[in-house]
């Protein structure tokens, strides 16, 4: 009698996706981030569910309810900080996952890549709305500033902002709808993850060499389940160290002050994982231009497959492209640092130069380098 996992209608799907899945034998630890993102999403949904049981989405009681969770609910402080720092881990894995896709040319798997970009936007939207919920100073003013950016769109801008706010300013209606959306979006993200995996398993995984693995594959279990488990242990070590030793390291002290519409904080800034995009937004003096640059800073990933004329899929054997890739990483770290600094010299100039370099690398320099490398290899 054959194994039930290979015949049962439901178990068969799980088996073909996670157990008997034919996998390239040479994928490195950088391919772990997909499963780590799945783990992060699971942690966020579970901790979020428990937080939602005690949270009240009302402007008068939201801040108090978060305080109540931390002080009075059994292990509420742990659940709250695992959720908050879990978001940071989520984005850490996301950036590494996208970076690996760029480095090893995974963007050639178009459907998987495009669903991934939709996922990235969805996770960013979810994280932004989650940051508003504690209703501290930075929550309130962050929501006001970021939603107000939509008013830059001609003709419909103001109506669009008031429609999102549910009034003429950020208030009870805004908080309620943000909570509703923050609750439902992770489940939509889970569905998108399944579509992401469906498209990936249509073509099979890429590998560091960028060559076809069809002639030589190994089952996912036990090889990569073990490897992923090691990655998960390291992720949990980092998350638990953050949560139990430095819970507020990545947060903003202003968020421990209840929201006050009459008092603006000296420096309004989002969480660290949005700072690179925030720096690009601030580097352009024009409001609409800044908003367009902000959106394009992520949306540019969608046109990467069109801009890459390289004959070799990965950067593994292309030293010039590797050098530019690490310059891009350094540039993004610079933008992240600038996003957290006040708007004054020399930070304004550094931010503008880093923004120009970011778009130049993506649109001109890296594709041109690919052409040079093709020429050097006589391809």
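Placement of Cβ uses the backbone N, Cα and C atoms for every residue, glycine included.
The range from 267-287, 288-308 that Swiss-Prot describes as transmembrane segment is residues 288-308. Range 113-133 is the one annotated as transmembrane segment, of 113-133, 134-154 (source: Swiss-Prot).
Taking Swiss-Prot as the reference, the stretch among 178-198, 199-219 described by the feature transmembrane segment is residues 178-198. In this structure the C-alpha atoms belonging to residue 97 (heme b b566 binding site) and residue 83 (heme b b562 binding site) are separated by 21 Å. Within 10 Å of the C-beta of residue 196 (heme b b566 binding site) there are 21 other C-beta atoms, taking all protein chains into account.
Listed as Cβ neighbours of the transmembrane segment (33-53) (distance under 8 Å, sequence separation of 6 or more from its ends, same chain) are residues 69, 79-80, 82-83, 86-87, 89-90, 93-94, 96-97, 100, 182-183, 186-187, 189-190, 193, 228, 231-232, 235, 239. Of the recorded residues, residue 196 (heme b b566 binding site) and residue 182 (heme b b562 binding site) place their C-alpha atoms 21 Å from one another. 77-98 is the stretch from 77-98, 178-198, 288-308 with the greatest number of Cβ pairs below 8 Å to the transmembrane segment (226-246).
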